[in-house]
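Trainee: Quick paste of what Swiss-Prot says about this protein:
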- 122, 126, 132: Zn(2+) binding site (BINDING)
């Protein structure tokens, strides 16, 4: 993201999150890796990332997606963007829930920082028009996530371990 200026607003709304500077560093690195991977042109853009808890994200998930349960990440694009096209100056909002992120990282045996980076990348790709409603869309989006996370030295979040195979 060498010539880009993405202004990232970090808001800790609720939950037991690390300090804002640590979160800002993680988000900035994740977003820069995604921007570079996508080969987007230089731009000045704005992004908001809200760090909250399960109760707050459950309300949003119910209101916007009709699902009355917490989730790990929600994305709210400022404007519709077609995957692969240049975004406008306002990207949108990403909301992440602490308890769900923590639980998933523990269940999947991965560092919470790696899982959090993955969710930032996942949410950012949604803001840029990527989705996973169909198998084809999911393949494209997950391939992008793998490439971006690899650039951050984070292992493939979708890899199936031998232990997973043996427990089925």
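Glycine is no exception: its Cβ is also placed from the backbone N, Cα and C atoms.
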Trainee: Taking the centroid of the Cβ atoms of 122, 126, 132 (Zn(2+) site), which other same-chain residues have Cβ within 8 Å of it?
Mentor: 73, 75, 123, 125, 130, 131, 141, 145
Trainee: Any idea what DSSP makes of residue 132 (Zn(2+) binding site), helix, strand or coil?
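Mentor: Going by the DSSP assignment, residue 132 (Zn(2+) binding site) belongs to neither helix nor strand, so it counts as coil.
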Trainee: Return the residues near residue 132 (Zn(2+) binding site) by Cβ distance under 8 Å, restricted to its own chain and a separation of at least 6 in sequence.
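Mentor: Set apart from residue 132 (Zn(2+) binding site) by at least 6 residues yet with Cβ under 8 Å, we have 138, 141, 142.
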Trainee: Take the Cβ of residue 126 (Zn(2+) binding site) and count every other Cβ within 10 Å, whichever protein chain it belongs to.
Mentor: 21
Trainee: Return the residues near residue 122 (Zn(2+) binding site), defined as same-chain residues 6+ apart in sequence whose C-beta is under 8 angstroms from its C-beta, sorted by sequence, else 'none'.
Mentor: 73, 141, 145
